[in-house]
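Pulled from Swiss-Prot:
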- C91, H133, H137: Fe cation binding site (BINDING)
- E134: active site (ACT_SITE)
Amino acid sequence: MATLDVLRFPDERLRKIATPIEKITSDLEHIIEDMFETMYLEEGIGLAATQVNIHKRLVVVDTSENRDQPMVFINPELIEKRGETGIEEGCLSVPECRAFVPRAEWIKVRALDRHGEPFEIEADGLLAICLQHEMDHLVGKLFVDYLSPLKRQRIRQKLEKLARNER
């Protein structure tokens with residue numbers, strides 16, 4: 001296993017729309033393991049392949065307290081949603097920034113598991129929010145896109161300053 005580099009906003013590669021995964025391969029299994037390792041190391045609860053410059057419809061998630069319930073979503077589709085909620089969200093691609101984002105309170109997602117088997121899951125709470133956030137990445141959307149242009153510009157400036165200080 002290896003850790004992967006997480007793309008940071010405003011990197012334009014985060015805007016690329018992911019393509020469906022056609023075949024489950026050993027290479028895909030390695031990517032999944034590397035994504036989990038990266039997500040856990042970065043202390044995230046979800047990671048979309050787009051964030052690690054792999055533009056395929058793949059999401060890994062673990063919202064459990066003990067980090068022992070890894071979930072894989074290949075070619076996920078949001079097929080139903082209800083209600084409205086939201087929390088202050090963060091993102092591995094937008095470090096040290098948080099903002100309130102409106103989300104559906106309850107969702108149903110259809111996907112393939114890591115073995116290529118189809119499944120559906122109903123989710124609410126943190127899992128529902130996390131899945132919506134990660135699935136946004138697959139279509140080139142970031143949580144900052146829900147914010148006003150002024151707030152988005154402030155975040156961009158903050159991240160540019162952080163990047164300069166890291167050099």
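From the backbone N, Cα and C atoms, a Cβ is placed for every residue, glycine too.
Spacing of C91 (Fe cation binding site) relative to the residue listed as 'active site' is 9 Å (Cα to Cα, whole number). Same-chain residues with CB within 8 A of the center of the C91, H133, H137 CB atoms, the Fe cation site residues themselves not counted, are G46, A48, Q51, E89, L92, S93, E134, D136, L142, F143. For H137 (Fe cation binding site), other Cβ atoms within 10 Å of its Cβ number 25. Note on C91 (Fe cation binding site): other Cβ atoms within 10 Å of its Cβ, all shown chains, come to 26.
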